[in-house]
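To start, the structure itself, in structure tokens.
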There are 2 protein chains.
Amino acid sequence: MNPDIRRERENATFSTELLTNILDGDQEKTRRRREIVSLVCSDPDFEHEDLNFLSRSERYEAAVKKSAQMILKMREYGVSDPEEIYCYKSSVHRGRSEPLDLHLGMFLPTLLNQATPEQQERFLMPAWNLEIIGTYAQTEIGHGTHLRGLETTATYDPATQEFVLNSPTVTSIKWWPGGLGKTANHAVVLAQLHTQGKCRGLHAFIVPIRSTSSHKPLPGVEVGDIGPKFGFDEVDNGYLKFANVRVPRGNMLMKYAQVEPDGTYQKAPSDKLTYGTMVFIRSMIVGDSARALSKASTIAIRYSAVRHQSELRPGEAEPQILDYQTQQQKLFPLLATAYAFQFVGQYMTQTYHRITGDINQGDYTELPELHALAAGLKAFTTWAANAGIEECRMACGGHGYSRCSSLPDIYVNFTPSCTYEGENTVMMLQTARYLVKSYRQARDGQQLRGVVSYLNEADRRLRTQPVSAAPQLDADDLPGLVEAYKLRAASLVALAAKNLQAQLQKGKRQEDAWNSTAVDLVRASDAHCHYVVVKLFSSKLEEVQDSEVHSVLATLALLYALHGISQRSGDFLQAGLLSVSQLPRVSQKLKELLARVRPNAVALVDAFDYRDEMLNSVLGRYDGNVYENMFEWARKSPLNRTEVSEQGPRKPDTTR
Amino acid sequence: MNPDIRRERENATFSTELLTNILDGDQEKTRRRREIVSLVCSDPDFEHEDLNFLSRSERYEAAVKKSAQMILKMREYGVSDPEEIYCYKSSVHRGRSEPLDLHLGMFLPTLLNQATPEQQERFLMPAWNLEIIGTYAQTEIGHGTHLRGLETTATYDPATQEFVLNSPTVTSIKWWPGGLGKTANHAVVLAQLHTQGKCRGLHAFIVPIRSTSSHKPLPGVEVGDIGPKFGFDEVDNGYLKFANVRVPRGNMLMKYAQVEPDGTYQKAPSDKLTYGTMVFIRSMIVGDSARALSKASTIAIRYSAVRHQSELRPGEAEPQILDYQTQQQKLFPLLATAYAFQFVGQYMTQTYHRITGDINQGDYTELPELHALAAGLKAFTTWAANAGIEECRMACGGHGYSRCSSLPDIYVNFTPSCTYEGENTVMMLQTARYLVKSYRQARDGQQLRGVVSYLNEADRRLRTQPVSAAPQLDADDLPGLVEAYKLRAASLVALAAKNLQAQLQKGKRQEDAWNSTAVDLVRASDAHCHYVVVKLFSSKLEEVQDSEVHSVLATLALLYALHGISQRSGDFLQAGLLSVSQLPRVSQKLKELLARVRPNAVALVDAFDYRDEMLNSVLGRYDGNVYENMFEWARKSPLNRTEVSEQGPRKPDTTR
């Protein structure tokens, strides 16, 4: 092991193992996770050449092969708990998306939730056995977030008792579904249902798109891959165009809404029924943000411990770059953010499971709050992690730009989460809608409950407390900082609501007033989410028994909170929560916290507990032996397979 | 043409052609640029398949072939002015780096500047004729920014009158030089010179690394490609390891320092001689930032004009996404930034040329200021453009993630500029060193000149003016905003200097005190650069004659300045340049400016005047016909070459 990184570990003041257990949930969960990861890593069927050296087509082929193996093996080993499936799957694909993601994550669950028993009998077992491979075709080339705008039609023909699917325009071509390009032979297609001369809105249809024997596209179906992307090389995101494709009446998913043989339409009893899945997926993405950022900070911090550069003191050896205050300023707030998001992810999963119980009993009371929280936190955490991964990459200097660092790969595979499952700005505005509604309710005398209960006092407080009366914010007092974040959120929600009201009073229509205030509304949602994150991090500390672990986590929580205040000091000053004379103290304290994190930085990323196989990063190796391995890796580069390039620069006739 | 984008152009309030001329310099420069771009675009030798569909090896091969053609053709057409060479070259490679970049940009200039007449005779013509293809090998796997830390040795052997080159450690392997991996047969190697038992520091040596006949590596030379990177697929960045490689004494570049036949060492007369090139390259990178960001905003703004999404008003057609305030808030400040950086780039080039005249006459007076400015602005503009390109990509939703948007490509090819030619944080600290030195000189009574002259009053002002006496900052008054940026910079430079002093007074050593204040120092440099950019944008307005163009540029300048204030409002409040009660006015004004830019947004990006071939983006097409062309592009994807994939998911035995 590299002596620098060994020394870092020796100097840590806490037990990484205890912290790993906290991150996993408990000791048993750590054990089981490691067991599954080992199972995959020791399986010769899942070995592969470095993906960086393969073409996109080769990466797709390799991924499809592994996905098929994976499904068989999970069945063989009895891996069936959703968390364990997730763990097995992300070990096989090293956290990347894969061609069967939508088959497993959308096609099968949609069958389970929206198919009638008869339909389940027809489709579920073949799908489970991979005779049917499905995808979920919703997004169209011209339509994304706004579902009502989708144009694909399914017109019922009572003469033959069939639905006729069509893509009436260029903009209606289905675009983006994973696994559609090459892999799937069936799709759940979202289309505008037309029957008895009327459009009945969006419904889901099971449409065979390729022959189950030859795998060739069926008549009337035009299907293919949408071409190379920033990342997601393993996934065949596809396009799909219909010209009078007929499916039997029984292929519309009819558990809720129905079309009778004569074309009579029966509405679904409620529209909340598909709401839960969306909330669940967004909650899961919060955890993805935590994982992506924790991987990136593991790589950057380990590398910064072994990389030496420049001189602090003339004539002395070059210091570890982790000793530079500017490097600490880049990486430690991100490390703290990774921890914060881990705990927020845990909270979202727990809350989802708690509320699911209520929902199954028909109690939807808490769903709107969870929906608003999941939307906002999905946006808040993915934006932060997205920018953070790139900061980590650039903090590794030139070597971060090499694919051997794995940082480019982590980024390109994570960044779509800012867009998919609800574009982030749209998500922030959804949360804002809930916040403004809650604010108005509180103003009108209703007593709010849950996370927005702080809005009960927001209006009163803003009317009574003069801005100049800034409290003596104490940079060491975490509960006091949580309170400051709360009041900042209250102040920005109130400000957005007030600006919205002013637009309405000018006579603008509701929608135009909303659009003219959108910047303020996003800002309010952002402040709300920031408050929730700081609060949950602070609450998590109360559960931590071990005093050494508690101490190091408390330092991170303080760093997270103060760093946010320094980045957004204008907000805190504007809300009268901070005075100008306190700012130097905030800066000073931040610098002290960086120095306090420094000796534990490597141990803190070790606690994330990524095996080298999972990080797949030469810079982030556990043993710190970076340079010799980088050299080994480079020698395997495809360009080095020939000693002299085919098309050397000397080949063209230079005498002309 | 798409009717939406046609309407945008019809509604513009100014002449794009006049603005294009301002961006180019004058009308004649626009004409000549277009002529060169046409020459390349109509040349069948420079046609190529979409690079997105090629493997990295294919991209390299194609680039090498084009580069060799390019050199011959520039000679044929008499393209020899540096600006025209740049234009021709970036037209051929569509703004990408290419394998001969270091041959043209470093190897040849180093020969011109540092070789003796005899050496020039030996190497220059063969290099010009591509018999010698060179690269510039400085960076090592373990050493980057800190040149004194380089480990490669060149030991003089008087017995044979040769230098013996060695790579004594793993960390000393040369790493990253472009063109080294496969293309070059010579390298200028930076190595520690040892002669007569003493190390004399870094010197440059011309080292043959591959046979000029077989192109195979010469004995003792281990050379190859460093493997795939985030981008730069066309460039064979390489590694190079020496084991007792001997070159004749005449291969050390001896225009300045010399080693005599007996090994006697003659020092160079001055160390400022290689200083100028570095400043020049950093100045050029400011222009690169402008170009990268202007390309990205062209794509995002044109696409936002043709993309319709969601509904503002129930029942009405989906609006252009450019009508959403949040979309304007993302894109218009970046558009303003692209303009600001274009003008800063022009200023840097002009200043460099002006000062070069002085330098050639031995007058180095202005060099330190230009050096500090180039370092800081290189960092400031590349960071902003880097983040801005990604904002543009994400503002295009899912389609921005497709390689057909070209945004991933623009990003991966631009982002290394945050690291190369001086890592950005190191650059900011270099500028800070100059600022602190200037601040101290002013405090000690010296009268500063040039851009730092504002520090003359900084100390006095900060001591006399109470923070509460905020001036009535007027959101419409650009000169007043420039003044506010100036005073903010003064305040942050003074703060950093004060904090540094406090550390020294605690008894810390100079270097440790510097490191403990590094965060403040970077912040001061950032504020200084921000001031310079706002000031130069404002000055540029004075040169603009046409009142319509003036009006639209003035709006952008105001937007740029106010957006910065709102992002960094804490700084302005802290410095007493803004009061809390003024913040709502700043926000309101910003929203008004977004609405004012809106009707001219498409015309403003049209004025950047990128031909479709140069943008290579389906989303950014001039005619706005996005969807049909995206479909065409996708059909050509390599994965669609077979109807059924080789390794389908059904192939593995699913019955086991």
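The backbone N, Cα and C atoms fix where each Cβ goes, glycine too.
All TrEMBL annotations are machine predictions without curation.
According to TrEMBL, the active site, proton acceptor annotation covers A:E421. Annotation source TrEMBL lists FAD binding site at A:T139, A:G178. The annotation domain 'Acyl-coenzyme A oxidase N-terminal' is assigned in TrEMBL to A:16-133. Taken from TrEMBL, the feature domain 'Acyl-CoA oxidase/dehydrogenase middle' applies to A:136-245. According to TrEMBL, the domain 'Acyl-CoA oxidase C-alpha1' annotation covers A:275-436. The annotation domain 'Acyl-CoA oxidase C-terminal' is assigned in TrEMBL to A:478-646.
Everything TrEMBL records as a feature, shown here on the structure.
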residue	record	DSSP (3 states)
A:T139	FAD binding site	coil
A:G178	FAD binding site	coil
A:E421	active site, proton acceptor	coil
Cross-chain proximity of recorded positions to B (CB under 8 Å), evaluated over A:T139, A:G178, A:E421: A:T139
Most Cβ pairs under 8 Å with the domain 'Acyl-CoA oxidase C-alpha1' (A:275-436), selected from A:16-133, A:136-245, A:478-646: A:478-646
Integer Cα-Cα distance in angstrom, A:G178 (FAD binding site) to the residue listed as 'active site, proton acceptor': 13
Recorded positions compared (A:T139, A:G178, A:E421) - highest count of Cβ atoms within 10 Å: A:G178
The domain 'Acyl-coenzyme A oxidase N-terminal' (A:16-133) - residue tally per DSSP class, helix then strand then coil: 89 helix, 0 strand, 29 coil
Inter-residue C-alpha distance, A:E421 (active site, proton acceptor) and A:T139 (FAD binding site) (nearest angstrom): 11
Average pLDDT across the domain 'Acyl-coenzyme A oxidase N-terminal' (A:16-133), rounded to a whole number: 93
